[in-house]
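Written out below as structure tokens is the structure these notes cover.
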């Protein structure tokens, strides 16, 4: 019998192609790179033993006798689970992605190297106090201990990306931590691109009223008119220079790191809850990746008296912080304030000496430095980095800038994230020690960038808000106020300092017993300082007000339903307007009109209506604007609800609906009818003619894109994390897509990156979820195990009591000091 079995096995294996057998063996070998749940290791510089207990959800509970020891262990764990993600982010911050990925990322590297992001990280490191620097060094030491233990690139401890690309990570340095945090500022900085967009509109000859129609202020704001940018900046008007669209496409890789942000948070006081204690909710919205941006963790420092200090929440691999979460006394949650902390300045080059530019005091020389970008598989790219009194000079082809700027000029950038004294990491390290809301509000002075609207609640029952960050003060005579590029030769437009910490937005125990932010305006007309004119539209905030501000006897469960709410306030306003425009017409698909007329505005992944309306909005935007914007249209092709209401309204600044490319004069009804036909044809192409098979979730699925294998078939099928998703761009359950993506215009690339719900009556009842899973290794069972829970708006708990998380644990690592 044994001989027969051997013969059968020989026949089977002889029939397997060598390539397939190699793939199977490779799979088995690479799968060994998954971090074991149980192990033991000695770490130099540990002062005492640390245990890392991974619970049933692979969340590590890291327990030691000092903060430094726990942070060293966190560095080790981050490297075990997410080293590839950390490596990509670090090399992005260093401007060295092309050493990994070749010439496709040269433009991203040139942008990062041009603005000097890593140099500002190195300078900021020197500005830290000794105690905080020691904590960062401990964390970095933990990372490097894992790297040292992992062996050669083709060993068994690195995740598959290192092996496939033949890359061995360098040792980490403390500045790598700072630049990892600064990349969050890059991700959340949208103003620079708003300025470029308005420059494009002005270059096309548009006036302030027309630009306002395209980028309207929120209802709570009344910004002064923009001056004539053509006159102020010396812009020629008319069509854009040839090649602008192609120039923008060169920066596609940079978009992965500049996805911008949107978020929800709120806190409900005890007078409105069933328990009598506050409840806090937070869900920051960011670009979706695989693995997800965040890594959940519980950090614990045991005190000599038998008590302990705990931090629980999401960490950012590459940084020694629990950025969003809770300690033993309070909880906090962030949203991006969106303050205008970037200004582009147009600098006039001296026509007699190209090494100088004009200032209010005359011509001054550029600071210059030669930079070399190494390119995998290609030649080194050399360029000259230039710096002005305002800051670094942007690459000439950034977003096609050189196609919009006047001749004989360059654009420089002032940005608080480039400060050489950025101590934001120190603010994060204080989170261990805050005991109440007042401590938190008074303790964020070190927080520089990116400005955040933070809601806080403590176990004593207090609630509050603070929006820390460095915000420039602008001259009252500055009519542009950061909305568009400014003339660099005129001192009127220079920054005049920064808002003092005491002057930043702050609320403590409001009478309404509730606070919320959702990227829209957070201050009233009495607030004396300028923050921005580019607030988000208030659709999500208004929904929070409806569901939270008027409710009493609230619980974790009721607030969890709010976080998962897929009702679209924006579409509830816009759809009736669009339907009225096509009402009574016979040249539209009446079945679709009837279906949309009955829709309840809930963007349920199982329903067709959200797909039908999104497709209609997409095509309507194209039909309305493409003739007016020409080559500038693709960069503006999104679902602009507030703007669409102006275009379809009674008094637009121009007749946006009329198609200037045709001899006829089209009405808005004509254009919307054509767009509805376009939408139906598009969906038939994508999903077939059987409309019973159409549903939102078939095309609207969360797309966690792996870097870089999202671009490599068939590896993308293995490494990407996808799941059908409810919600949309304006619902609380955020799911934003990119209309410009012709192949996947409804695929969710930006959404809820984490949900946290905190019960101040019992913080161990708090719940958490992030988008993918804890592991960054595709062969791990924990690479994508959170994805469906996340899509269903379910969550997990992370208790701090050892008995509570021991049930079903995956294993324990014991890290020991060298004696």
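Cβ atoms here come from the backbone N, Cα and C positions, even for glycine.
Whatever TrEMBL says is automated annotation, not expert-curated.
TrEMBL lists 7-30 with the feature transmembrane segment.
Non-local neighbourhood of residue 340 (Ca(2+) binding site): 191, 471, 472, 481, 482, 483, 530, 531, 532, 533, 534, each in the same chain, at least six residues away, with C-beta under 8 Å from its C-beta. Feature annotation from TrEMBL assigns Ca(2+) binding site to 195, 340, 343.
What TrEMBL lists as active site, nucleophile is 263. Residues near residue 263 (active site, nucleophile) in space but far in sequence (CB under 8 A, at least 6 apart, same chain), listed by position: 282, 283, 284, 285, 334, 335, 336, 517, 518, 519.
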For residue 195 (Ca(2+) binding site): DSSP state (helix, strand, coil): helix
Sparsest-packed among the binding-site residues, when each Cβ's other Cβ atoms within 10 Å are tallied, from 195, 343: 195
Collapsed DSSP category at residue 263 (active site, nucleophile): strand
Sorted by sequence, non-195, 340, 343 residues with Cβ within 8 Å of centre, Ca(2+): 191, 192, 194, 341, 342, 344, 482, 483, 484, 486
